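The block underneath contains the structure these notes are about, expressed in structure tokens.
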Amino acid sequence: NSSDLSPSSFILASIPGLEAAHSWIAMLLCSVYILAVTGNCAVLFIVKTEPSLHAPMYFFLCMLAAIDLALSTSTVPRVLSFYWFNTREISFGACLVQMFLIHTLSAIESTVLLAMAVDRYVAICHPLRHAAILTNAATAKIGLVAMARGVLFFLPLPLLLLPLPFCSSRVLSHSFCLHQDVMNLACANTTPSVVYGLTAILLVMGLDAILICLSYVLILKAVLRLASWKERLKVFSTCVAHICVVLAFYVPLIGLSVVHRFGKDLAPLVHITMGNIYILVPAVLNPIIYGVRTKQIQRRILNLI
């Protein structure tokens, strides 16, 4: 029975009743994508050409920019093709590759955010040891560990889906491929895939979130030991940009997970909107947040203009 075999393709989700507005939706997504690409490329260029920014915190920021570029580029062009040219089908292999890239890059970004939290902790709680602990070599090793961690934890996800038979329905809930979405279309026992997917997310994103919170508890304790409120605010203000970036990453991630877990009866618009927010919002906000909060980046942007 051909319905029990792996499908040759999946069908990307569209918003019922808004087919006539696809061109406008594509223009909006394209504008946001161009803004994300421009902002992150500007961050990479400014940090590369400004010697005063050659420090671990800004190297981590470059890693975030590169991850956001890769994550948005692995999804948005395909989404734009769907909205502009109505190419709703995506091949089974391309879907698995896209799914692997989305989850792996998200895991790498989570690890980099944890490294940035550790950087803030060392800079505030052990300022005299900061230069000795977070050297350029250590920063590069952290980047490699983040990449290896993401690949090793999330490479099994598409491999677990490969042998599964799929039912006749091939319609996804998003305009791109996610593990939970593809897995729900299988007509076989998906318990190993469910268990491994949940375990990987908890051991990467969940553990990172806990350690980031722990870092800020220690930072807050150190800040509260300072003599005056003015000094406390000045020191803690160096963490504001990172806190905003963490929220911009984890809030859409949690929202998307909640929609998948409890929102099966929600309108397709909610699923598609949450998916696009998860992909695009961090990529757009990260360079804006650090551009607003970092005087060196502000000055460099003004000089470029």
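Residue 1 is the first one shown; counting continues down the chain.
Using N, Cα and C of the backbone, Cβ positions are placed for all residues, glycine too.
For 24-46, 58-84, 90-118, 130-155, 194-219, 240-263, 269-292, the entry in TrEMBL reads transmembrane segment. Residues or ranges marked as domain 'G-protein coupled receptors family 1 profile' by TrEMBL: 39-290.
A Cβ distance under 8 Å defines the sequence-distant neighbours of the transmembrane segment (269-292), meaning residues of its chain 6+ beyond its ends; these are 13, 15, 18, 29, 32-33, 35-36, 39-40, 42-43, 61, 64-65, 68-69, 71-72, 75-76, 79, 102, 109, 173-176, 178, 241, 244-245, 248-249, 252-253, 255-256, 259, 263, 298, 301.
Between the transmembrane segment (90-118) and the stretches 24-46, 130-155, 240-263, it is 130-155 that has the most C-beta pairs under 8 angstroms.
Per-residue pLDDT, averaged over the domain 'G-protein coupled receptors family 1 profile' (39-290), rounds to 90.
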